[in-house]
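Notes follow once the structure below has been shown.
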Amino acid sequence: MSWIKTFSVDTMLKYGVDYYTFLYEDDQPPYTCAIGPASVYLFGEHADYNRAKAMAITVPLMVMVLIGYNDRKEVNIATEASCGEELKETYPLDEFEKFTDEAPTWAKITLWILTTFKDKIEVGLNIAYVSSIPIGIGLGSSTAMAGACFTAVESLIGRFLRYRPKLKICREIEMSGSDTPTGYAQPMAVFGGEPSYALVIDCRTLIGSYLSLKDIPVVFLITYSGNKRIVSETPFRERMLECEKAASLLGVKNLSYATSELLRVKRGVLNETLHKRAVHVVGETLRIHEANLAMKERDFVTFGLKMLQSHSSLRDNFEVSNEDLDNLVAIAMACEGVYGSKLAGIGFGGCTITMVKKENLENLIDTLSINYSGECSFLIAQPWGCSTELTFELNEYLCKIEKANKHVQNEVAVTKKERALHCEKCNKILKSKIRQVKDDLDKEKEEKKLQEQQQQKQ
């Protein structure tokens, strides 16, 4: 059994400043800083990019970006967030936008965001990322990266976009940067998440409402299956194309406009696969509505049932689960105090999320650890905040470092002065002793001379 490690914002800030300073020690300290949180679906996987409904929360893992200036007319981008491997890229300031296609995947998102504000960027930039989000397990590491970078660049240039335009731009940037289909739920959570609340999202209007999770006697447990999914190597894009085709055959703009009645009336125009895809999207919208009402009434049994139904639909209708995820859900549902469990994210590996009574959490973790065939790790999905600028906190920390350095320098100066005074005192004592010895020798010599003179007289 292991836990997915979490770190406080203060700890990440200290680490980020150290990393930035290590990379760009000859330049000025970072000017601005921002974080983007990890996020996880409660409902709405594969419904959000069909502009239907979704429900998501942010969790206490983050990507942090620090940005400062250089006078070399270049854009430096570095990250240590890829399995502990340090990566760094350098691009010319005047034409960095030309490299958005050929840059490595992890750098593309940053270049696309900078390209959005190209007319405002006139000085060389140093950019450093640090992250506590494991990559490839379905917790939105690339979305968090985009949210952090966009927020930091807004602060840097003093231009702040409204929520919806920013959301649309970031989604397009993430799709372009990572070259993978991207939904709306996780970007909306990254920019709109609140502690103790889930975000219920209408992906057609891009309007969200908050669902209170305060003071509930249950917790959400994320369980990582140990099976990473690489989006570019999954049939994710194939699922999107199937949904687009189903919507076209049904005569609607997208599947968010489809209804159960429409599916019944036009059953003959869809093949079995397309019908199942549409059934999932339509059914998920209804499940989210019912789960939302259930949580407001603190009806955890119904909420958990909707989670389990969502997993079944993702497994059978959308065919994105796998044996590992199904086993984790089955083991969890056999535990006392568990209300519901489902895969979390796009599937094809990654994580599950389980709602369990607080008093039964430890037993659930033990049972999963013992009975699951692979190595799983855990995270308590405590709803967190949203992407946030930390320039004030950064400057406060840099001031502390400067004061600490001055204090050390003063102590060193004082120590040197004391040492000098001590040496001077020692020298005086030594000189005094030397004079005393010399005087004693002279006196002894004089006495000896007198004795010799007296002996000669006798």
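For all residues, glycine too, the Cβ spot is worked out from N, Cα and C.
Summarising the annotation, TrEMBL assigns coiled coil to 427-458.
The domain 'GHMP kinase N-terminal' annotation in TrEMBL covers 115-193. In the predicted model, the domain 'GHMP kinase N-terminal' (115-193) shows an average pLDDT of 89.
Helix, strand and coil counts under DSSP for the domain 'GHMP kinase C-terminal' (294-372) come to 45 helix, 14 strand, 20 coil. The domain 'GHMP kinase C-terminal' annotation in TrEMBL covers 294-372.
Residue counts of the domain 'GHMP kinase N-terminal' (115-193) by helix, strand and coil are 46 helix, 8 strand, 25 coil (DSSP-based).
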